[in-house]
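Annotation source Swiss-Prot lists domain 'tRNA-binding' at 39-154, citing sequence analysis. Taken from Swiss-Prot, the feature domain 'B5' applies to 408-483. Residues or ranges marked as Mg(2+) binding site by Swiss-Prot on the basis of sequence analysis: Asp461, Asp467, Glu470, Glu471. What Swiss-Prot records for 708-800 is domain 'FDX-ACB'.
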Amino acid sequence: MLISNEWLKDYVNVDQSVQALAERITRTGIEVDDIIDYTKDIKKLVVGHVLSKTPHPNADKLNICQVDLGEEEPVQIVCGAPNVDEGQHVIVAKVGGRLPGGVKIKRAKLRGERSEGMICSLQEIGISSHVTPKNYESGIYVFPEAVKPGTDALEALYLNDQVMEFDLTPNRADALSMIGTAYEVAALYQTKMNKPQLTSNESQESAKDELTIEVKNEDKVPYYSARVVHDVTIGPSPVWMQFRLIKAGIRPINNVVDISNYVLLEYGQPLHMFDQEQIGSQSIEVRQAKKDETMRTLDGEERRLLDTDIVITNGKDPIALGGVMGGDFSEVTEQTRHVVVEGAIFDPVSIRHTSRRLNLRSESSSRFEKGIATEFVDEAVDRACYLLETYASATVLKDRISYGDLGSFVTPIKITADKVNRTIGFNLTDEEIIDIFEQLGFKTENKNGDIIVNVPSRRKDISIKEDLIEEVARIYGYDDIPSTLPVFKDVTSGELTDRQFKTRTVKETLEGAGLDQAITYSLVSKNHATDFALQNRSTIELLMPMSEAHSTLRQSLLPHLIDAVSYNVARKNTNVKLYEIGRVFFGNGEGELPDEVEYLSGILTGDFVNNKWQGKKEPVDFYLTKGIVERVAEKLNLQFDFRAGQIDGLHPGRTAIVSLNGKDIGFIGELHPTLAANNDLKRTYVFELNYDAMMEVSVGYINYEPIPRFPGVTRDIALEVNHEVTSSELLSIIHENGEDILNDTLVFDVYEGEHLEKGKKSIAIRLSYLDTENTLTDERVNAVHDKILEALKKHGAIIR
């Protein structure tokens, strides 16, 4: 946003340099990115009156001009501009003067004729071509009215000015207007803010007799209003208005269009002006566009619309694309006599979608996208009518035609001085706090110690108590807040929370096993959003994704981990082991916030041990992956259970479901060969666990176990069981019958093949017995061991 200091003084006048003002504004949180000084590098620039023009005798494209500069004698200037003519009032750089770019003006002879100065175009005095009025793009600037010769040209053009360029954050849309900025400056300097003139001399004719309005999509257009103005005289706008627009980065067109743009910058409220006679009916109907409906916009482009677009129609055909751009056949032209001035509130999301899809970003659409101040909608329309009456000789019809409700102009928020003081760290009185809010234009009252602040609709960045506290600190001045040391009743040393400690343990365990931590995108493509998801839940899609590949919130960490491994393998890094701790997202239906759950996932491919001097290479496999997961559980003092399962995307015979305390929390498995091949991977193993579920289990401290004082006894058994029986089932039976002397169990061999019936397998298990209080006897061990064997037999196991 470009803020002219000369324009700002219409609303608030502070006795400060622009540099001091910019520094103060920056300290309150609105960054002034640059100060544009239109007087910089310019010297001896005056208004000249062209008394005569004669052709140059030695050059076809040059003219010899006698120019009155307000001095005793006119000066002779040779000029090559095609539009120079006798009687004009022009910009002249005198001899000894300077122009931007280091141009020095000297006496010279051009094709034998002396020239004592230079008649200038706007571009030559530092005005950008893209904002220069079209009729002066390729020639000198001509004042529309007589100006006294010798007058400072910068003063006559309202360029004796400095312009602040704001770098605004998206939440400060209120500063996208001169009045919004004036409220801010008035609060900073505790001075009065002056509002512009609004009242017109209305005729006795009523606009309601000429126009009706109907809105069929009130959810998208909660308020729509219009006023009618007759007998408009189309012409150039006054010089002061043209150059305020130029300094704001907008090209002047004519008085009607310029007034619309001027009010946009003044109030931050976009307006649209229709040629009333070209609308084609006496009614305006606002609705959603029909799918594949078309209209031609002001830029001459034929636009194909969607049913998500808002259109303004004459009851039948679109005459404007609501909040984005008008239609070409109802635009204001030199033949326009009667004008309809529109002011409305449009749904920000709809405007954003339409403007981005059609690539029609404008000053208007950008303001609608951020949300506009309801308090200014009707004011802005009235201001435009006043300016049309004043500068276009128009007649304003009485009455406003409107549809819908503007709603409340304020949002009340309750706060206390104690809350403010505890937050900012020093004490202000109720009166001081209320005074700050009143300076900002917030109506405030004190009720029994509670400060009720009525926040105006222009400040959409303020919605909670903390926002109000920020305003107090900003306006009081961050630099003026006294420095104080914090006071603590009890001082304690910092320490990790339980979750932080566990997370550090998990990371150390995984990294000790050779895995590297990865951090991947939370967004995946829609096609992969539910890959590997244990829960059948709805997905959450972005309304405006950066790309299709990042359009949906993930329900698993594995899709991007697979991408990361594939990326590495494609670049000859074939031994990759990664883990990630991150959030996944499960939908709860439209309008509800999703559930965010933290997951722990890992992926391994290639060789786990690949250095030849260490011996035989050891490729990663299912049991290695399972061992890493079990090691994590052991470090957290958790007991995981495993059972065979099926997960889409994993090998049907090499997948296990992981459960904790009877609840499924994840899985381990080998990537399905087809999926691995699609990613150019060899055998690849993954795991994914509900990390939140792991963290929720309270296990207390992991106690130290002393070295046993008495010797233990080990017994090995081999069991022939059906193929579908798992080792965990056997171990469970063993532990149930091992009484208090069974210390540990270990599966050390699994065999399938010759010497066994089809559908059978042999599992070898080592049982360790230990009595921490006494020496074990054979009788005691045999009794417990036999009990275990009998229990195994009852469950179908054959002792080999």
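Positions of Cβ are set from backbone N, Cα and C atoms, glycine also.
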*Counting Cβ atoms within 10 Å across all protein chains shown, which of the binding-site residues Asp461, Asp467, Glu470, Glu471 comes out on top?*
Glu471
_An 8 Å radius from the center of the Asp461, Asp467, Glu470, Glu471 Cβ atoms defines the neighbourhood of the Mg(2+) site; name the other residues of that chain inside it, in order._
Arg459, Ile462, Glu466, Leu468, Ile469, Arg474
_Return the average pLDDT for the domain 'FDX-ACB' (708-800) as a whole number._
90
*Three states by DSSP: which one describes Asp461 (Mg(2+) binding site)?*
coil
*In the domain 'B5' (408-483), how many residues does DSSP put in helix, strand and coil?*
33 helix, 19 strand, 24 coil
